[in-house]
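Visitor: Below is the structure I would like to discuss, written out as structure tokens.
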């Protein structure tokens with residue numbers, strides 16, 4: 001009798017357990033659906049930021065090259081064009097956004113205006129030096145060569161991200177870094193004579209040094225930007241990305257204007273505009289379009305740091321530097337040599353390797369979730 005009662009109790013327990021499991025199935029399915037929806041939105045945002053980064057980078061680089069080829073000579077103006085587009089973000093920053101309970105709690109822990117200003121100015125100073133370095137690089141190098149050398153920031157960013165951001169460096173990511181670094185540096189072994197006329201060895205050296213210095217500076221700036229998102233700005237909204245891009249652009253523009261007037265180059269602007277080969281209107285259009293293009297680039301790159309990591313953002317930038325030579329060949333009639341094609345293939349291979357690592361990470365996360373669920377069922 002006791003045995004029957006024990007067996008009946010055991011069957012009842014199993015029955016209740018299955019009922020509880022069936023009862024929680026809709027909830028679990030809803031949670032899984034929510035997770036999948038969140039992942040889709042995340043990757044959609046990353047895709048959009050990637051388009052902004054690559055598109056802005058390509059357009060800004062080519063327009064900068066056109067500026068010099070058509071008679072532009074003022075470096076401060078070219079540097080100013082890389083940040084003056086910050087004003088297009090003003091409507092998005094001023095637009096009021098709805099807040100949920102979690103965002104209200106995060107607002108309590110937001111830094112003061114003084115701390116924000118210090119961070120923006122600090123990062124802005126980095127960008128002033130980097131922008132000027134890249135401006136010199138664009139002036140002395142063909143667009144394709146400049147873009148490929150600019151990708152050297154990835155290797156340095158991998159080191160700083162590992163030390164300061166806790167970035168995981170796997171064998172696949174290391175392979176991606178090596179491939180993309182080789183992609184950006186292989187072109188220096190080729191003598192450039194057919195892209196935009198004869199280029200002297202001195203000009204090539206100055207352009208290479210300036211672009212490399214700017215690349216290293218930008219790598220460090222991106223690492224500090226990720227650190228700021230992690231430790232200082234703890235908001236989870238995209239408006240934080242726009243604020244970062246807006247205020248850094250604002251401070252850099254002020255610094256560039258100061259440099260423009262302090263150097264006295266502003267006196268030559270009317271003459272430069274009049275001597276611009278394609279006319280004054282083309283001069284203005286070039287600078288306005290450059291400002292918009294570089295602002296999209298800045299917004300996209302900051303967004304990738306915010307949604308992924310500084311290393312991922314640099315991987316996308318390196319992909320862009322590998323693609324720009326194709327646009328330079330189409331629009332500026334640059335010569336696409338075999339070495340540049342080889343560099344492009346290396347860049348695409350490196351980017352694919354990095355994305356494959358993300359696929360493995362997602363697969364590992366899913367496997368861990370399934371294993372955790374199985375362990376919970378076994379406990380019953």
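In case you wondered, yes, glycine gets a Cβ from its N, Cα and C as well.
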Visitor: Under TrEMBL, the annotation transmembrane segment belongs to which of these stretches: 339-356, 357-374?
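Guide: Result: 339-356 is the stretch TrEMBL calls transmembrane segment.
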Visitor: Going through 40-64, 76-93, 244-262, 311-332, 339-356 one by one, which has the most CB pairs that fall under 8 Å from the transmembrane segment (283-305)?
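Guide: Of the candidates 40-64, 76-93, 244-262, 311-332, 339-356, 40-64 scores highest.
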Visitor: Taking the transmembrane segment (244-262) as the reference, which of 113-134, 203-224, 311-332 gives the largest number of Cβ pairs under 8 angstroms?
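Guide: Counting Cβ pairs under 8 Å, the winner is 113-134.
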Visitor: Is the transmembrane segment (40-64) packed against any residues at least 6 beyond its ends, judged by a Cβ distance under 8 Å, and which are they?
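Guide: Same-chain contacts beyond the ends: 78, 81-82, 135, 138, 143, 146-147, 238, 286, 289-290, 293-301, 303-304, 307-308, 313, 316-317, 319-321, 323-324, 327-328, 331-332.
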